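Here's the structure we're looking at; comments come further down.
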C-alpha cells in the first residue's frame, strides 16, 4: 500500500481539477505503478495544469490519468483482472443510499469553451471508437481529453486515443464536460425522468447503448485565443448529440467549494444577460440506468469525482483570424438597470452593522497582510454619509445618558456600541477597537445572563443598533449652541439683473400678483423663494438672517425690528472694508419678520435700472465674514459676474488652446487666486459654511469660486446661461431644499478603526483640522465623504476589524409653520460596522462593493485632474481596473481553462461600465472642445460631494420609454413600477416611433422620436408641437396624456429631492441640441473618438491578457 499512499499524497498536494476517490485507487493494477510514474506525478503536482478522469473500473477495466502538458504525456493504468480480492462484489457507489446526489455544475457556457474542449493545435492523428458498454456517470460525464498512451499499454480491444483536442471528422469522439461532484445526502434521487438537459436512455435490443459522452460530436472550428478578438461561430448541437442542451456564448460556473452545493441546472439562461450568477443549493441525482443494472457491483462510481468551483462570472471574447468582430454580443453585457444595490453580503454574521447608506466599504473583507493588500488594486477605503436619510420606517434612536455621561473607551475614545463585550459579571466592558477593559459606571451596570449578554440588552439601543445619536453633555461644547444663521450675499450687477437671477430668486410668493411680461419682473426667483421659506427655516424662534448686495460697491442693510423699512448703507472703499452698525446687520427673524419681508418685496425693483458691470465679490465675501464671525452659520452667495474689483479679482483664462494636452493644462482647473481658499479656511475656523450659486452666460472661473464651497464643507450650484423663465423653477426648488433640509451645524467628524489599520486620506468638501478630524461647519444629508485605508502592520492579528464614524454637531429641530421651537443641543451621531479579516484575495473580491469603489475612483480621478492632464486621470481609472482584473484572473488561471474568456467577480460585474461612464463624465471626458471649462469644474465639485447612489445614477442615468404608458386608457396601481423599466444607454434603445425620458438626477431630457404619433405630441405640447423644441417649455395641458406625463415626472423628482430635474425637450435629428443633451450622454456608444461599451471591454480584456 506504499504506492497507494504516495499516490494519494501527491494527488492531494496538487490542486487537481478532478479529485480521485480512493476507491478508484484500490486494485491489483497498483503493481504497475513504477518509481518513474510517481516521480512524474510529483513533478506535475508542483503547479502544472492537470486533469484526471477515470473511465471504467474492475470489470470494464480501463483507468486513464491524463496530464495537460505542451507535449502530451499519459500514464495509462489497466486492471489485471475482473475482481479485486477482499473487495465487495457490489460497488459501494452503486449501493449508495438513495438520498445521495452528485453535484452538477450550473450556469451558462461561453465562447470556445462552450463546446467543452480546447481548439486543436494540430489535426487529429487517430480516433477512438465508441465503447458500447461504457459507463454512464451522472447527468454530466467526467470530461477528459484523450492522449497517446505509453507503449506498455497493449490492450488490443482499445485503440490509441487521438492526440489533438478536437474530435475527428469521422468516427466517434469524445467531448469534455464538467464532472459530477461529491454526492449530497439532502435530496432523494428522482424516480422518473433523467436529469434536466440529458436525453433519455435508449438502448437497442440486445446491447447497451453507449453513454452520451461517447456519441459522435460535430467538429468545432479553430478559435485561437488572444488579440485581436473576433466573433466565434460556435457550432450548433442537437439534443441527440449532447447529454444536456448546450448554451452558447456563456461559461458554466462551477459551484463554490464550501459547505453549499450547486443546484441542478434547470434554467438554461443566466438571470441577467452577460454574466453568470452562482447558485448554491443541492442538485438531484441521476436515475439508475440499465447499464448500472447490467454491470451490477462493478458499476462506475456515480458522483465520485469533484470538480473545481468557478465562483466567478465570465464573458466570451473569442476571435476568428482575419475578422475584426470582437465576438462579443453587446446585449449580453452586464448593465445596472436595477440601479444601485446596497451591499448586504455579510448577512446575519454582522447584523448589528449600521445601514450601508451611512457607511460603505470598498470591500467587506479586510486584507490580513500588506502583501495581500498590494494585490488589491482597487482603493481600500470607505464612503461615509453620516446624515443620510434613514430607510423607510426607521429612525436613528436618540440616547441621553443623563446620570452616567456618555460611555466611551478611556484610551481610544470609542463610543459604546453593539460589538463591545461585558465581563466580570457585567462590571467591566472590553473595547472592540483597542481591546482595553473599561469599568462600567454604577448607573449603567446590569447583570449578565448565562450567555454573557446583559439582561437589559433589549432596552439598550446603543448595544443593539449600528446607528445611534447621543445627547452630548456640556463638556462637549466649546460654546453654547449658536442659533442657525443664514446670510445672503447677492450680485446685483447689470448681468445679474438682465438674467432675472436675483430679483425673481429672492423676493416672495406675494410678487406673483405683480407679474407681467416685463423681463425685469419675470425674474423674481431668489427673493420669492427666500420669503416663501421663512416659515420653514430651522431653529425658530432663534433663527438669524442678514443680507448684503454688491456690484462695484458693498451694500449693507439694517433690519432691526424697530424699523418699518430696511436702511441701506453703502461702502465703496474696497481696500479697507469695514462693517457699519455691526449689531443691526444680523437680526432675529421672528422679531424683524416684517422688515425682512419688506426688503424682499422691494429687492426686485431696487436695482432694476442698475447698469454697473463690475463685481467686487472678494471684498463682499470678506464683509460677510466680518458680520458672521461671532455666530457662524451658512453663507449663500449668488454670483453672476466674474469678480473684477478688489481682492480676489479674477481674469479670463482657458482660451489658449495650446495649453490643453500639456503639463500646464491642470492649472486651469485650480484656483487662480489663493484668496478664496484662504477665505474658506477662515470661514471654517469660525463655523461658517459657504454655498455658491453661480449664474453666467460667460466664463466666471468656477475653479476659483468653488474653493469657497469645497474647503468650507459647502456646495456648488451651477446654472449656465441662466434665464429666469427657463431655469427659475429649478433654482427655486434647490434653494428651498438648501434652506429647509436637515442640517448639522458646527460639526466635526472622525472615523476610528481597529488596531493595525488607519485612514490616511480623505476626499470631499471639508477642511482637515488635524490628521483625522474633518471640520464641517454645515453638513446635511446630501453630502458624502470618501476615505482611504492603509495597514500599519505587516500582519493583522485580529479576526475582525471595526469601524466607527462619530459626528459631533449642533442639532436644530426643523420648524413647521412656527409650531416647533428649538434651543439647539449638541449631539453625537455614531455609526458602527464590523468586517472580517481574510487571507484570501478571492474573498476580498467576492465582498467588494462596486458603488463604494466607483465613488472613490471618481474622487481620486477628479483630484488627479487638478495636478495632471485629463488623459492621465482617465488612464488611471482604466489602469486600476486592468490591474485588478488581471490579478483576479491569475487566481484562477491554473485551475481553470479560461481561454479567451474575460472573468470578473460577480459583485463587480458593473465596474467596467461605470469606469467607462466615469471617463466619459463631464468632469473627465475629452478636452477643450468637449466640455466648457466652467462646466467641467462645476461637475467636479458636485461629484466630490455626492453619496454613492446619486453618483451611480449620474454616471449611468435612467432611460425609460413612456409613450406606451401615455397611450394606455386607464391607470393601474402598479403602472409606475412597470414603466420604470430602464433601457441600455445606447442609440439602439431609441425607437423613432417612441417618447423617452432620460434622467441623471440633475435634469430630464424628453426625447421625441421623428416618427412619434402627432397626436401624442399635440396632447403634450399643444400648439407648440410643430415649433422647434428649444423654444418650448413643457407644461401641464388639459389632456390625459399631459397629466400622466407630468405626474410621472413628479414621481421621479420625489424619489430623490436632492436636485430638481429641469426638463429639456429634444426632437430626433435636431442638432446640436440632441447631441448636447442626449447623444453625448449615451455612454455605451462610440462618441467623438471614445470607445463604446463593447470596445471598452475588449480593450480591457486585451490588456488583462498581455501580462496574465
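Using the three backbone atoms N, Cα and C, a Cβ is placed for every residue, glycine included.
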From the ranges 285-304, 305-324, 325-344, pick the one that TrEMBL records as region 'Disordered'.
325-344
Stretch in 406-444, 524-738, 744-838 most in contact with the domain 'Sec23/Sec24 helical' (849-952), if contact is a CB pair under 8 A:
524-738
Report, as numbers and ranges, which residues of the same chain sit near the domain 'Zinc finger Sec23/Sec24-type' (406-444): CB under 8 Å and 6 or more residues beyond its ends.
352, 452, 454, 462-466, 470, 472-473, 752-755, 802, 804, 806, 828, 830, 832, 834
List the helix, strand and coil residue totals of the domain 'Sec23/Sec24 helical' (849-952) as derived from DSSP.
68 helix, 4 strand, 32 coil
Mean of pLDDT values spanning the domain 'Zinc finger Sec23/Sec24-type' (406-444):
95
